[in-house]
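What Swiss-Prot says about this one:
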TOPO_DOM  1-13  topological domain 'Periplasmic'
TOPO_DOM  35-38  topological domain 'Cytoplasmic'
TOPO_DOM  60-69  topological domain 'Periplasmic'
TOPO_DOM  136-154  topological domain 'Cytoplasmic'
TOPO_DOM  176-212  topological domain 'Periplasmic'
TOPO_DOM  234-251  topological domain 'Cytoplasmic'
TOPO_DOM  273-283  topological domain 'Periplasmic'
TOPO_DOM  305-342  topological domain 'Cytoplasmic'
TRANSMEM  14-34  transmembrane segment
TRANSMEM  39-59  transmembrane segment
TRANSMEM  70-90  transmembrane segment
TRANSMEM  93-113  transmembrane segment
TRANSMEM  115-135  transmembrane segment
TRANSMEM  155-175  transmembrane segment
TRANSMEM  213-233  transmembrane segment
TRANSMEM  252-272  transmembrane segment
TRANSMEM  284-304  transmembrane segment
Amino acid sequence: MLKFIQNNREITALLAVLLLFVLPGFLDRQYLSVQTLTMVYSSAQILILLAMGATLVMLTRNIDVSVGSITGMCAVLLGMLLNAGYSLPVACVATLLLGLLAGFFNGVLVAWLKIPAIVATLGTLGLYRGIMLLWTGGKWIEGLPAELKQLSAPLLLGVSAIGWLTIILVAFMAWLLAKTAFGRSFYATGDNLQGARQLGVRTEAIRIVAFSLNGCMAALAGIVFASQIGFIPNQTGTGLEMKAIAACVLGGISLLGGSGAIIGAVLGAWFLTQIDSVLVLLRIPAWWNDFIAGLVLLAVLVFDGRLRCALELNLRRQKYARFMTPPPSVKPASSGKKREAA
C-alpha cells in the first residue's frame, strides 16, 4: 500500500482535488457545475504554467525561487511594449525571449559557475525585481489594449485561447518527459548526476535547459496575468515562486530530484487554487488563504517524509530478511523409536 501511494502520487493528488470539489457541493449545489470548473481553471492557469517550469528544475535536483520576479519583470516588459505602440505578437515574443534569457542566466550560474541553485536564484530574485521597479519607477502600468484582454476571454467550451494553449503545453510536456530520451535525461540528471554523465547525458546542458524553460514558462505566466486583470501592479509575481514549488510538492515532485510527473504538478496547482474558491464559498476572509495553503503543504511534507522513511525501512527489511530468518528447529526423536533402537 505504501509503495502504491509513493509510486502513484498523481492519483492521490487527483483524489484530493475531487474531494475538494465534491465536499463543498453539499453546502452549495451550484458549486458542482461546469462553470465552477472553468472558473477554477482560469484562476489556476498562472500557477499551472509556473508549476510546469518548476517541475523541470526540480527533476534535476535544483530549485528556482526567482520565477515570481521573472513573471513580474516580463509582465512589465509586455505592458511597456504594448503602450509604446508595438503589436501584440511582437510584444509577446519579446516577453518570452526575456523570460528565456533570465532562466538561461540562472542556469549558467548553477551549471557552469557551480553556485548552489537556492543561492543563485535568491540573488536573481532581487536582481529581476529591481529591474522591474527601475523600468516602472514603482508605478503601475495601465491602459493596456483590449486585444490583450481578449486572450483570456472565453473562446470554446468556456475556455480562453490561453487556456487551450496551457492544455496543449501540459500534454506536450507530459509526453516529452515520459516518452522521449531527452525528457528522461531530466530524471537521470536529478536521480544520479555522476551516473547520468557516464551514460552520456550532458548534465550541464540539461540543467541550463531546465532553468531556461522555467523562465519561459514564467514569462508566459506574466502574459496570462496581464491579460486576465488588464493592468500590471508594481508587485506583480510576488510570492508566486513559493506557490509553484508547493504545487509541485503537493503533486509528488520530489525535492531530491529524479521523480515525479507534470500531471502531478498540474493537479497540485489546481488544488491550491481550488482552496481559494472553497474559502470564498465558506465566506472565510482572504487573509486566511496563505495560512491554510501553508498548513496543507506542511501536512503533505510531513506525510511525504514519513512515507519515505517507512518505504526505506520496508526495503531494508526485504533486503536483509533472508539473513534474519532463524533456522528450522530440529524435532527430537519420539520415545517409541528410541525403544526400537534399544
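Glycine too: its Cβ is placed from the backbone N, Cα and C atoms.
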Original post:
Against which stretches of its own chain does the transmembrane segment (284-304) lie, if we need a Cβ under 8 Å and a gap of at least six residues from its ends?
Top reply: 239, 243, 246, 249-250, 271-272, 275-276
Original post:
On the 0 to 100 scale, where does the mean pLDDT of the topological domain 'Periplasmic' (176-212) fall?
Top reply: 92
Subject >> Residue numbers, six or more beyond the limits of the topological domain 'Periplasmic' (60-69), whose CB comes under 8 Å of its CB atoms >> reply: 50, 53-54, 102-103, 106, 110, 117-118, 121-122, 124-129, 132, 186, 189-190, 193, 206-207, 210-211, 214-215, 217-218, 221, 237-242, 244-245, 255-258
**OP:** Count the CB pairs under 8 A between the transmembrane segment (115-135) and each of 14-34, 39-59, 70-90, 213-233, 252-272, then give me the winner.
**Re:** 70-90
**OP:** Report the listed stretch (39-59, 70-90, 213-233) having the maximum count of Cβ pairs within less than 8 Å of the transmembrane segment (252-272).
**Re:** 39-59
**OP:** Grab the same-chain neighbours of the topological domain 'Cytoplasmic' (136-154) for me: Cβ-Cβ under 8 Å, and only residues 6 or more beyond its ends, written as numbers and ranges.
**Re:** 38, 42, 76, 78-80, 82-83, 88, 160-163, 223-224, 226-228, 230-234
Subject >> Long-range neighbours of the transmembrane segment (70-90), counting only residues six or more past its ends (CB under 8 A) >> reply: 46, 50, 96, 98-99, 102-103, 128-129, 131-132, 135-136, 141, 143-145, 147-148, 215, 218-219, 221-223, 225-226, 231-232, 235-238, 240
